[in-house]
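To start, the structure itself, in structure tokens.
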Amino acid sequence: MADWYLWAWILCSTMTLVVLRGSVLKRRKGNGISATRGESVKRVLAGNGECRSADGSDADVIVVGAGVAGSALAHTLGKDGRRVHVIERDLTEPDRIVGELLQPGGYLKLIELGLEDCVEEIDAQKVFGYALFKDGKHTRLSYPLENFHSDVSGRSFHNGRFIQRMREKAASLPNVRLEQGTVTSLLEEKGTIRGVQYKTKDGRELTAFAPLTIVCDGCFSNLRRSLCNPKVDVPSCFVGLVLENCHLPYSNHGHVILADPSPILFYPISSTEVRCLVDIPGEKVPSIANGEMTNYLKTIVAHQVPPEIYDSFVAAVDKGNIRTMPNRSMPASPYPTPGALLMGDAFNMRHPLTGGGMTVALSDIVVLRDLLRPLRDLNDGPNLCKYLESFYTLRKPVASTINTLAGALYKVFSASPDQARKEMRQACFDYLSLGGVFSTGPISLLSGLNPRPLSLVMHFFAVAIYGIGRLLVPFPSPKRLWIGARLITGASGIIFPIIKSEGVRQMFFPATVPAYYRAPPLK
């Protein structure tokens, strides 16, 4: 009889433990903190529920990363009176081959944030539009800037110089503290992120606490798995060169060559330098070390660039300072997590063909700033998290327009052996060459001046219909009808998956999303 009671007690205890474990895991998953992410989230107990750093300093917000997004965010929140602690892995000037072109829409956000002077004293160049080249023909697409101040345009520059100016601007505020260190994990207490653990420049392991931690540690983020469901795609790689004393066919314009197999970009980054980015599809590129890359650039790419650029291009290849970088895209798929938020490339990426990344990041910062301004106290993590769910909807008009356009244009501009894709590519070039609304409409979307998803879809399918019209004139044939049908289905196959990943409801009907109307917490 005693044995029966013993086994009954063991069975009940086991079932209780299983139920409790399932309940805890369910609650943690609901808070966006999965049990499988232990390597980047550590549990911690903060005395009396307060957030205090190990060194005794207090912060309202911890910002992980001081790139474009992190630096701009730190300055913006600091200017609003928040105490901000920025932890950046490397505070020396970055040397990158992307993040060098700021669209006019992004420059307007820079003005809105009071950071427009960061493009001064770095030899930044004004950009007034694009020139498009295909099969010996070319057309110019100007930004529709007639209704803006004369200073409003795109800007191109050395990415590192721009970031250093932003960091200096942020550090000039007395309530913003920049520190060099590597954040190794987020610190969690009862489902809420309380701060971070990081390693300083001299190797010390420290912790920092704040009511809100914002992760902006870039495209190679090691913390994003704690806060989102990252579905990273690498459709291609950029090969970067710097052309010196090169005169572009259209001054103060970006140049896009619809080459084979994929586009080539040229744009000025200083008064004497032009950046060239050669897109190579896939994740593998020819080896630089054994000379395969040099041979590829000279034999496959060089003859496709405009004659005015050819000599400078070959000279840059011969000089040998060739850089590569994978082009990543990742839709925003956040886990709403009390006490933490993702921003910048750690949160959302798109193909860099259209140069929209910084515009999206700066627009997101404006949205977040406006949401946080009514709040004096950020310590109520769960309610703050629920309120900030509106951020993911309010950012959609700008972010989804630029993200969708970048993904769709890359696929349309890339060469393909498929006849329907060839027709779509030619139709896009010819449509943009028509001028008027046919060019200003798409270029206003690309520039971030008209972030309207519906307008994007209308222009995209207008290109497809224009391509079908070209096929059917003057005399339709069964073959041409078949190609036209495949053209429209191919266009749908390009844009609809991107729209689905962005979220149809949030993208086109944001006012129907409940989070759109979230009011600030009363506290």
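Cβ coordinates come from backbone N, Cα and C, glycine included.
Under the heading transmembrane segment, TrEMBL lists 6-24, 431-450, 456-473, 480-499. The feature domain 'Squalene epoxidase' is assigned by TrEMBL to 209-482.
Taken as a whole, the domain 'Squalene epoxidase' (209-482) shows an average pLDDT of 96 in this prediction. Sequence-distant contacts of the transmembrane segment (431-450) (same chain, at least 6 residues past either end, Cβ-Cβ under 8 Å): 103-106, 108-109, 129-130, 132, 137, 139, 141-144, 154, 354, 356, 359, 363, 398, 401-402, 405, 409, 456, 459, 462-463, 466. Outside the transmembrane segment (456-473) by six or more residues, the chain places 401, 404-405, 408, 412, 423-424, 426-428, 430-431, 438, 441-442, 445, 480-481, 483-484, 487-488, 491, 495, 499 with a CB less than 8 A from a CB of the stretch.
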